[in-house]
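A.B. asks: Pasting in a structure now, in structure tokens, and then I'll have a few things to ask.
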Amino acid sequence: MSIVLVVNSGSSSMKYRLIDMRDETVLASGLIERIGEYRGLVRHDGPNGRHELARRIVDHEAAFEAMIRGFNEHGPSLDDYPPVAVGHRVVQGARRFLAPTVVDDSVERDIEDLIPLAPLHNGANLEGIRGARRAFPDLPHVTVFDTSFHTSMSDAASLYALDRPTAERYRIRRYGAHGSSHKFVSAEAARFLGKPLEDLKIIVLHIGNGASACAVRGGVSIETSMGLTPLEGLVMGTRTGDIDPAVLFHLHRQAGYSVDDLDELLNKKSGLAGLTGSNDMRDVEARARKGDALALTALEIYAHRIRHYIGAYHAQLGGADAVVWTAGVGENSPDARARAMRGLEFLGMKLDPELNDQRVKEPTRISAADSAIDILVVPTNEELEIARQTLQATGIPADA
Ligand code: ADP
């Protein structure tokens, strides 16, 4: 049985999913929150539904113990469904990790070396890997990097016009993120369209709380909107996206903001949250429907930036076969899609208002019959993509 355990470790949380790769069904999933705090939360969704309990989880190793207890008590038993490998999401692989990699001590050291490039993420990812290797010492562990899919970007797309020695010394370039999602969604779109991925030019819009656009040519990322970190690009739940860096000098000189203040302002207090007070698109849309002017302006800023990237990537790709919407907002908000695609008919992108208004769980076409470019909604599944890449890296067949 080719069963893969997928783990996504954050600094204070850990998500997991047990997937039977023969038919890609989810056997169980779970979430452990507030690791290291006085009172943690353990949630396990197994064959008998959801089980939740509050208990102290001191560190990531304890989180794995809690997860194993969840499987023992609520099923399915890991003796009956033993994983053949563990797949780990890692945010930053820089130019060191071009593909999923089987973990050994030197891989751990390299991920540690990349912590300065992703201080909020790589350290936590590494804690998860270490905890998992202690919990499952006999299994292969594979790291799947958010950045690997974008290592195909040219220097023209990924280098900033920054003093070269400084950029090289501090490894400053655009690395992108959401790679597993962009890869999964573009492959699904090709399958849905019944065309070889190698022949397609696709603009993928992963629009969730975090958001990024990606230009995919022949299954390869040629450009993406996130940069050195996931701050660049689109307007997000709490992040500014693109902004003139001189705003930072201005706030520092005029208002005495420190580096940490600026980091918090741009990453946590901006985006939809900064513009309206809520980072949740559902709230912002509800307020806009009631005529709230701030909420309406926020939705227009949000849509304007997405439209900007659709146009840019249409140009970089030299045309497009499909525009694909995914993630929380992309999959669920007809309003966000319609607002962003307004006025793009001249490019051959024309939504069908009725198709766009549907709630979908499967890949679906939402463009009008006379739209030259297909517009699709394709639900993302990053965990499944990580599980697929994990098996590939270990060489274990999915139907073993
Ligand atoms: P994350 O980046 O945290 O993975 P998600 O992809 O889950 O985020 O997306 C979360 C966002 O999706 C939130 O802003 C949420 O409001 C939005 N969202 C979810 N459902 C809807 C809906 N029905 N309409 C509008 N927005 C939605």
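Glycine is treated like the rest: Cβ placed from N, Cα and C.
Curation plays no part in TrEMBL annotations; they are all automatic predictions.
Take a look at what TrEMBL says about it:
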type	residues	note
BINDING	Asn8, Glu382	Mg(2+) binding site
BINDING	Lys15, His206, Ile207, Gly208, Asn209, Gly210, Asp280, Met281, Arg282, Gly328, Val329, Gly330, Glu331, Asn332	ATP binding site
BINDING	Arg89	substrate binding site
ACT_SITE	Asp146	active site, proton donor/acceptor
SITE	His178	site 'Transition state stabilizer'
SITE	Arg239	site 'Transition state stabilizer'
A.B. asks: Among Asn8, Arg89, His178, Asp280, Arg282, Glu331, the recorded positions in the record, which have a C-beta under 6 A from ligand 1?
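C.D. replies: With ligand 1 as the reference and 6 Å as the Cβ limit, the list reads Asp280, Arg282.
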A.B. asks: Counting Cβ atoms within 10 Å of each candidate's own Cβ, which of the binding-site residues Asn8, Asn209 comes out highest?
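C.D. replies: Of the binding-site residues Asn8, Asn209, the most buried by Cβ count within 10 Å is Asn8.
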A.B. asks: Here the recorded positions are Lys15, Arg89, His178; which one has the lowest number of other Cβ atoms no more than 10 Å from its Cβ?
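C.D. replies: Candidates: the recorded positions Lys15, Arg89, His178. Fewest Cβ atoms within 10 Å: Lys15.
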A.B. asks: For the ATP site made of Lys15, His206, Ile207, Gly208, Asn209, Gly210, Asp280, Met281, Arg282, Gly328, Val329, Gly330, Glu331, Asn332, how many Å separate the two farthest Cα atoms?
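C.D. replies: Spelled out: the longest distance between any two Cα atoms in Lys15, His206, Ile207, Gly208, Asn209, Gly210, Asp280, Met281, Arg282, Gly328, Val329, Gly330, Glu331, Asn332 is 24 Å.
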A.B. asks: Would you list, in sequence order, the binding-site residues among Arg89, Asn209, Arg282, Val329, Glu382 whose CA lies within 10 Å of the CA of Arg239 (site 'Transition state stabilizer')?
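C.D. replies: Checking each Cα against Arg239 (site 'Transition state stabilizer'), the hits are Asn209.
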A.B. asks: Within 10 Å of the Cβ of Arg239 (site 'Transition state stabilizer'), how many other Cβ atoms can you find? Include all protein chains, please.
C.D. replies: 27
A.B. asks: Filter the binding-site residues Lys15, Asn209, Val329 down to the ones within 10 angstroms of His178 (site 'Transition state stabilizer'), Cα to Cα, kept in sequence order.
C.D. replies: none
A.B. asks: Let me spell it out: for each of the recorded positions (Asp146, Asp280, Glu331, Glu382), count the other Cβ atoms within 10 Å of that residue's Cβ, using every protein chain shown. Which one has the most?
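C.D. replies: Of the recorded positions Asp146, Asp280, Glu331, Glu382, the most buried by Cβ count within 10 Å is Asp146.
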A.B. asks: Given the binding-site residues Asn8, Arg89, Glu382, state which is nearest to Glu331 (ATP binding site) when distance is taken between Cα atoms.
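C.D. replies: Smallest Cα separation from Glu331 (ATP binding site) among Asn8, Arg89, Glu382: Glu382.
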A.B. asks: Non-local Cβ contacts of Ile207 (ATP binding site) (under 8 Å, 6 or more apart, same chain)?
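C.D. replies: In sequence order, Leu234, Ile306, Trp325, Thr326, Ala327, Gly328, Val329, Gly330, Ser333, Ala336 meet the Cβ cut-off.
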